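Features as listed in Swiss-Prot:
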type: BINDING; residues: TYR19, ASN70, ASP96, SER128, PHE129; note: S-adenosyl-L-homocysteine binding site
type: BINDING; residues: PHE245; note: Mg(2+) binding site
Amino acid sequence: MSPAKVSANDVPMHGNGFYSSNSALQHSAMLNALPLLAAAAAASKAKQQEEQENSRPFAILEFGSAHGNNSHTPITTVLKSRAPAPSREIHLQFNDRPTNDFSTLATNLTTMTWPVSNAIFTSLLPASFYSRVSPKGSVDVAFSLAALHHLDRVTPVPPEGPIPTHEVRQAEFRAQAHADLLSFLSHRAEEIVPGGGLVLSFVGQELGPNGEEITNYAGPVDACRSAMIDMLQAGVLSPAVANVFEVPAYNRTIADVRRTLAEGEVVAAWEVEEVFERKVVHPALQELEARREAAPGKEEEHAEWYARTVVDWLMAVVAGYFVKAVREGMGVTDQTVLDGLLAEWVERTRGRFLEGHRNEPVECWFVYVRLGRK
């Protein structure tokens, strides 16, 4: 496919700290990856000689750091599990797309402290993780949490004309996801030293007993779709916005992941140590239950808080794609108008969630992978 026929996925998470404040589900998903990170760090130490390692820094690389709010605990886990010699320098590297809010990331990193006394150096790497981002053989442990379901690029949907069916679009996305993961692992094989470790988690696709897809975070997704339909019917948005609005992500089934990991080029470079899936529930549900128990007479207030929390969580990821669709579908360039339309969509989505999904659990399946570099 020629570059002219594809659209790079260059929309970042919502900036200015909004994503940082609305990534609680990603935090819960990250906690499931900590045992894998500890195992990857321990295995890396067991397979390498400290005398040889001291010729270079001990390097940890995170792919898809966003604003860094879920970076500290994984890196701390690696450092506690690996414990480099006190004289060895440590290099922490944080990668995301060039459009990421690196200012917020840098600010968040300055507040972090680490459980070792080693000299620590930090780098920010603005580049697609579907390319090389670090020198060959320079990384000991790498990880990517809640990012790899975002595709590198997709064929854009035209504002006017025939719209591909869901089945056709999913088949295209599935093929792209397979190619993307192969590309990602190929680049990581260049960067990670033999004996090093790689831990991944990303949104997965659970299937029902008859093979049907179980929608992740079904309530907020349905609410935002209904809100957009309301805006279309009210004439606030043009049909072209609905045509081009799309989040270029693919939720892999566990079978999709195993198929990619079984490819010859992957087998040649990596030991597959662990692959599993797990359901993650947005932690706001637990807080909602605590609020209702503490103040049983304020049900409406609690429901509104919960709707705002889970909708804002979804918007932290998809708001940029909505703005992009309004720009492309309606030709709107005035930032005040864009902000106003986004605010209306968010408010309508909260209302729709309260109407049809009040206090529902927000659930998402994640796939977890631990690989060892041969």
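Even glycines carry a Cβ here, placed using N, Cα and C.
Just so you know, the Cβ of PHE245 (Mg(2+) binding site) picks up 21 other Cβ atoms within 10 Å once every protein chain is counted. Spacing of ASN70 (S-adenosyl-L-homocysteine binding site) relative to PHE245 (Mg(2+) binding site) is 28 Å (Cα to Cα, whole number).
Cβ neighbour count for PHE129 (S-adenosyl-L-homocysteine binding site) (all protein chains, 10 Å cutoff from its Cβ): 26. The residue listed as 'Mg(2+) binding site' sits 24 Å from PHE129 (S-adenosyl-L-homocysteine binding site), taking the CA atoms of both as reference points. Neighbour counts were taken as the number of other C-beta atoms within 10 angstroms of each residue's C-beta; across the binding-site residues ASN70, SER128, the minimum falls on SER128. Note on ASP96 (S-adenosyl-L-homocysteine binding site): other Cβ atoms within 10 Å of its Cβ, all shown chains, come to 26.
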